[in-house]
Amino acid sequence: MSKPLCVLVGAPGAGKSTVGQLLAQAYGVPFRDTDADVEATAGKPISEIFIDEGEPHFRAMETAAVAAALAEHEGVLALGGGAVLAEDNRALLAGHTVVYLSVDLSDAVSRVGLGQGRPLLNFNPRATLRFLLDQRRPLYEQVATHTVGTDGRTPEEITAELVELLKG
Ligand SMILES: Nc1ncnc2c1ncn2[C@@H]1O[C@H](COP(=O)(O)OP(=O)(O)O)[C@@H](O)[C@H]1O
Ligand SMILES: O=C(O)C1=C[C@@H](OP(=O)(O)O)[C@@H](O)[C@H](O)C1
Ligand SMILES: [Mg+2]
């Protein structure tokens, strides 16, 4: 089975997209992000997919993107934060090197506050993130082969830890 070197999972704001790119650079391998794959397929941003077609349609596209990337991509792969909600996706992650980037509520809130484009967090991001973190933590833990804490640490520090962790 062709497989990604490493798959990053975790909540919005954990830094999957940021650390994933740095880790791919460190290894000199390609980076792929299932959110970007979904946007490329749809020809529009995730925020517009949610508005035009709704979250269930986004989730179906995401599941197809996860399956394709796990089968094809040999570099570093970042998933969207909600990809672990689908049992099909969790099953597909078995046998892969999956890193859970954990983040606490306060760091997640301040990080997502820096960016746009997460439609689930448009309304009351703090309360929504609190719910998402509680709901998903067991799912991230279930699929992870490794866990790395990101609170109060720079993306470069996290990347350096990942390079060490994945050496073995
Ligand atoms: N360790 C970190 N410390 C501070 N800011 C971070 C860290 N990791 C990511 N960020 C910032 O937080 C925001 C969300 O990061 P992103 O990589 O998109 O997270 P995710 O893909 O997990 O939702 C971005 O603005 C990014 O620059
Ligand atoms: O947590 C979620 O359900 C989502 C997270 C987003 O990705 P990030 O985790 O990269 O922000 C993106 O897939 C979409 O907005 C839904
Ligand atoms: Mg991301």
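The backbone N, Cα and C atoms fix where each Cβ goes, glycine too.
Nobody curates TrEMBL annotations by hand; they come from automatic prediction.
Record check: TrEMBL places D35, R59, R136 at the substrate site, and the matching candidate among G15, G81, G152 is G81. Checking each of the binding-site residues D35, R59, G81, R136 against G15 (ATP binding site) by C-alpha distance, the shortest gap belongs to G81. The Cβ of T18 (ATP binding site) lies under 8 Å from the Cβ of P155, each on the same chain and at least six residues away in sequence. For the binding-site residues K16, R59, R118, R153, the greatest number of Cβ atoms within 10 Å around a candidate Cβ is found at K16. With a cut-off of 6 Å between Cβ and the nearest atom of ligand 1, the binding-site residues A14, K16, T18, D35, R59 reduce to A14, K16, T18.
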